[in-house]
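Handing you this structure, nothing more for now.
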Amino acid sequence: MDVSALLTSAGINIGICVVLVSLYSILRKQPSNYCVYFGRMLSGGRVKRNDPRWYERFAPSPSWLVKAWETTEDELLAAAGLDAVVFVRMVICSIRIFSVVAVVCISFVLPVNYYGQKMEHKEAHLESLSIFTIENLNQRSRWLWVHCISLYIITSAACALLYFEYKTIAKKRLAYMAASSSKPSHFTVLMRAVPQSPDQSYSETVSQYFTNYYAPSYLSHLMVYRDGIIQRLLNDAEKMRQAIKHVSPDVSCNPSMKSCTFCTGPGPTNSFKIISDEAGGVKKLELGELTTLTTTEEERPVAFVFFKTRYDALVASEVLHTSNPMLWVADLAPEPHDVYWKNLKVPYRQLWMRKIATLVGAVAFMFVFLLPVTGIQGLTQLNTLSKNFPFLRPILKKDLMNRVITGYLPSVILVLFFYTVPPLMMYFSTLEGCISRSLRKRSACIRVVYFTIWNVFFVNILSGSVIRQLSIFSSVKDLPAQLAKAVPTQAGFFMTYCFTSGWAGLACEIIQPVGLIWNLISRVIVKNKDASYETLRFPYHIEIPRLLLFGLLGFTNSVIAPLILPFLLIYFFLAYLIYKNQIINVYITKYESGGQYWPIFHNTTIFSLILSQVIALGFFGLKLSTVASGFTIPLILLTLLFSEYCRQRFAPIFQKYPAEILIAMDRADEITGKMEELHNNLKTAYSQIPICSQESSKAGCSPPCSDQELPASEVLKAENLEAEVIKAFQRSNSHDLEVKSCPSGSPSRYSPGFPEIYKRT
């Protein structure tokens with residue numbers, strides 16, 4: 001690939017970015033699009049946004065950039081939680097690292113590569129990209145010392161920044177643990193694989209076991225049930241709510257007892273009528289009788305076991321409870337909103353088979369994905385393409401088409417194929433049996449990281465080598481040399497992929513095309529005038545792998561083909577502004593992992609550093625520079641030692657709870673008298689079938705009632721409806737029940753300082 005093809009790809013993507021970002025700054029001002037671009041603000045229900053004047057609504061403005069830049073970390077933490085702060089710090093850490101890398105490599109390595117051989121250089125746009133890579137140096141060149149010293153500087157700076165960032169985020173996680181003193185998960189252990197007894201139910205078995213072995217610390221327990229009669233009633237109520245959600249043209253939160261005209265009236269209404277079935281004899285139920293509808297046959301061998309103190313729950317979750325590790329398996333319970341109820345019903349003995357099956361499925365999909373990647377690499381090799389497809393030769397002779405096909409089309413096709421990867425990996429993580437939604441998303445994130453690095457980096461290099469040489473690595477010892485040969489030849493493709501997946505991907509992220517199209521269809525075609533809206537969770541399993549991939553490309557190309565570094569820096573700066581804007585405006589936080597995504601970032605960055613050192617070692621060997629090769633080997637060993645130190649020093653903080661923090665919280669609650677109140681709320685928090693009073697229904701019940709991830713703005717409406725349906729069975733006289741769509745959110749989910757973020761809008 002030459003520089004002109006690279007500039008063509010850059011120009012196309014810059015044009016796309018400018019158009020989409022300008023369009024966003026206009027669309028976000030339209031009142032009809034507030035539900036797309038301000039879902040978090042609307043779900044809070046605390047801030048009212050004034051409509052701009054008509055002439056301001058159609059003029060692009062950079063105000064959102066200023067607001068995103070001025071949003072502090074404390075405001076971000078109050079609005080979106082620790083996971084969002086950790087993600088933004090990943091972007092900041094990448095900016096810091098690659099600022100150092102860019103300064104070193106652009107100042108020293110790039111000129112050495114460009115003038116590595118005595119030759120007559122062409123105009124800049126006619127040069128081949130290989131002129132800017134390490135391939136342009138002669139064998140035994142004394143300038144290879146510049147690359148070796150630069151590699152040491154890059155590694156030292158990256159390790160130092162990673163260490164201080166790991167230390168800072170570990171402190172934030174400890175502060176997050178100490179601040180979450182009222183979480184019911186600290187007192188709760190999820191007990192799975194409860195042994196079956198022919199003489200008693202699972203509930204009696206759990207009660208007998210913990211009364212016998214944990215009498216001083218055991219408080220109570222709550223069993224997990226299959227979907228019984230009440231659960232089916234709640235599911236039917238949810239379907240009914242979805243059916244009538246878009247019927248009424250107006251939205252009102254005030255209750256109404258007017259007669260139902262849904263079927264026979266002259267106009268639409270947002271009420272429905274529960275008709276009494278006197279012939280069938282609807283039984284009047286008391287709240288205490290609802291549990292009788294879930295028989296012992298419907299119990300699952302899974303229980304939430306509650307302990308009197310946090311430390312007792314921590315000890316119970318860590319020990320081996322029986323000589324058979326497949327029975328009485330204990331884990332600290334996830335938060336109530338984080339529980340993935342569907343997987344709690346999976347027998348524990350099936351989990352190991354599910355893990356193997358999902359691993360085999362992911363590997364098989366990786367091999368299937370080789371086909372499009374190999375075909376894409378064929379587009380970058382024009383000689384091979386014209387030889388295999390003679391009918392394309394007239395098209396390929398045109399200069400513009402040549403640039404578009406080699407510089408833009410391959411990366412676009414690869415990006416389109418990659419849209420299928422995150423949903424499939426999320427499905428694999430669900431099948432694996434994750435007990436919480438945050439764990440499922442984190443597992444999907446790790447899978448997507450592996451898949452992305454393998455297919456975008458290694459498979460592209462492998463397939464390009466096969467197409468050019470019809471050969472593959474002959475042995476493991478040749479791996480560094482083969483990588484060193486292949487990486488410079490793929491530098492152009494990696495740059496265009498940065499433009500397409502990075503720059504254009506960020507522009508698509510901020511414009512929210514799916515939400516915008518759905519909102520347009522809802523208002524124009526469906527004729528829905530309801531003010532309801534959908535809120536989204538931040539797609540960590542999509543964005544973190546993309547960020548890590550660009551970090552890998554930056555490290556591996558730093559001393560090999562440093563021309564990619566300025567383009568990566570532009571991506572990281574744009575990502576910092578756009579992701580902050582999306583976090584504070586669009587995405588809502590219902591559950592989080594407490595910063596557990598950071599070890600994924602740290603470990604992948606260390607892997608990228610070591611891979612770049614191995615590739616440089618191979619190139620020093622190809623250039624017959626034994627001294628530079630000898631100095632690179634200790635650098636690899638030192639990086640591995642640094643990684644092991646960080647793993648020993650910081651990684652356990654992200655895996656376990658420190659006992660001293662939990663004991664301190666227990667003592668503080670006992671002194672203040674809050675312990676009894678916390679104990680009383682445990683069963684309500686983890687109730688699979690929530691039974692709320694009228695007052696608690698207005699505030700919203702904490703446990704989720706279904707396996708679906710409902711938008712936060714809809715959770716309250718669903719819970720109110722479910723509570724009313726249950727109460728309807730207690731009344732002997734029928735009445736009309738009106739349900740309206742009123743956007744609201746749980747006040748406990750938002751900090752009092754959260755509206756301050758929007759004052760600068």
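Heads up, the Cβ atoms here are built off N, Cα and C, so glycines get one too.
Take a look at what TrEMBL says about it:
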DOMAIN    5-165  domain 'CSC1/OSCA1-like N-terminal transmembrane'
DOMAIN    186-343  domain 'CSC1/OSCA1-like cytosolic'
DOMAIN    354-620  domain 'CSC1/OSCA1-like 7TM region'
REGION    736-761  region 'Disordered'
TRANSMEM  6-27  transmembrane segment
TRANSMEM  97-116  transmembrane segment
TRANSMEM  143-164  transmembrane segment
TRANSMEM  356-379  transmembrane segment
TRANSMEM  408-428  transmembrane segment
TRANSMEM  448-467  transmembrane segment
TRANSMEM  559-579  transmembrane segment
TRANSMEM  600-621  transmembrane segment
TRANSMEM  627-646  transmembrane segment
Relative to the transmembrane segment (559-579), which of 6-27, 97-116, 408-428 accounts for the most Cβ pairs at distances under 8 Å?
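Result: 97-116.
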Restricting to the domain 'CSC1/OSCA1-like 7TM region' (354-620), report the mean pLDDT as a whole number.
82
May I ask whether the transmembrane segment (627-646) has at least three C-beta pairs under 8 Å with the transmembrane segment (143-164), counting pairs 6 or more apart in sequence?
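Contact criterion met.
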With the transmembrane segment (6-27) as the reference, which stretch in 356-379, 408-428, 600-621, 627-646 has the largest tally of C-beta pairs below 8 Å?
408-428
Please report, as numbers and ranges, the same-chain residues at least 6 past the borders of the transmembrane segment (97-116) whose CB is under 8 Å from any CB of it.
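Distant contacts of the transmembrane segment (97-116): 131-134, 136-138, 141, 143, 146-147, 150, 153-154, 157-158, 161-162, 551, 554-555, 558-559, 562-563, 565-566, 568-569, 572, 605.
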